[in-house]
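Presented below is the structure to which this report refers.
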Amino acid sequence: MATRLSDLFSNSRLLIGLLVNLLSSICIVLINKWIYVHYGFPNMTLTLIHFVVTWLGLWVCQKMDIFAPKSLQPTKILWLALSFCGFVAFTNLSLQNNTIGTYQLAKAMTTPVIIVIQTLYYKKNFSTKIKLTLVPITLGVILNSYYDVRFNVLGMVFATLGVFVTSLYQVWVGAKQHELQVNSMQLLYYQAPMSSAFLLTLVPFFEPISGDGGIFGPWSFPALAMVMLSGLIAFLVNLSIYWIIGNTSAVTYNMFGHFKFCITLLGGYVLFQDPLSLNQGLGVICTLTGIVSYTHFKLAEQEEGKSRLVQRP
């Protein structure tokens, strides 16, 4: 009986963790889009609030012994903190200036760019099957962008910069975790306040301080409530990703990611009446096929590598 209760409690915690990640990952995109469309809240300031709330949330987590902070030299994570600013700011600008469909599909280009960076600069080899999955991913993004009736050059510039900086950030995060022997929460605990400090110095040069659209402008209570809710959800996204990977597997997280991808696209079409042509729909299917194939082949290769290690005498 005790074992059954323990299993039930464990499964319930897993279900709650997956549900929190699902809702927070979808809500952060839809709420941010809502803030940009209906309130016109300044982008960099919203990003700064996300960083501050994330750091405060992590501070509470370490006080509750959810993780143990590790002392790091600021110079060791300087470029990582700068790239963190760039990747969040540019992806938010992409969301602000593109439809949710284009925003989501552009993010899918992160995988091909990471592979290019790791191949050229880290001399990492990838199998032919992995490389071939990049064809439908890229083709789908091109199809969607070409037939997007709300296509705009500025939005695609921000999307391109977002993909490039995000790819650099993800590559550097993996390298720094290995180099400094820290987990993602320990790294983010030091990285978030540094990124906040960088953005704090830049915001006055790029966004108004007072008046309409300013940081200290006459914002309504609903606008401020949505902004604070966005910050809280951003923290929940980071925390739930870490928890799911730590308590399930890469397979669960990646398969769950495909489901979130589809739901977020659907939410954009329903809430913001984003137009969807037949050719754009084909682009979505094409990209999703490539993502699923990439995940399948990547995980199969990882399992094969583990099997070889086990079989060694």
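One is the number of the first residue shown, and numbering goes on along the chain from there.
For all residues, glycine too, the Cβ spot is worked out from N, Cα and C.
Residues annotated as domain 'Sugar phosphate transporter' in TrEMBL: 21-294. The transmembrane segment annotation in TrEMBL covers 12-35, 41-61, 77-95, 101-122, 153-175, 187-206, 221-245.
Using a Cβ-Cβ cut-off under 8 Å and counting only residues 6 or more beyond its ends in the same chain, the transmembrane segment (153-175) has close neighbours at 79-80, 83-84, 86-87, 90-91, 93-94, 96-98, 102-103, 106-107, 109-110, 113-114, 117-118, 122, 145, 184, 187. Within the chain, the transmembrane segment (221-245) has long-range Cβ neighbours (under 8 A, six or more residues past its boundaries) at 17-18, 20-21, 24-25, 27-28, 31-32, 34-35, 39, 41, 46, 49-50, 52-54, 57-58, 61, 183-185, 188, 252-253, 256. If one looks beyond the transmembrane segment (187-206) by at least 6 residues along the same chain, the residues whose Cβ comes under 8 Å of a Cβ in the stretch are 42, 44-45, 47-48, 51-52, 54-55, 58-59, 62, 67, 69, 72, 74, 77-78, 80-82, 84-85, 88-89, 173, 176-177, 180, 215, 238.
Over the domain 'Sugar phosphate transporter' (21-294) the predicted model carries a mean pLDDT of 80.
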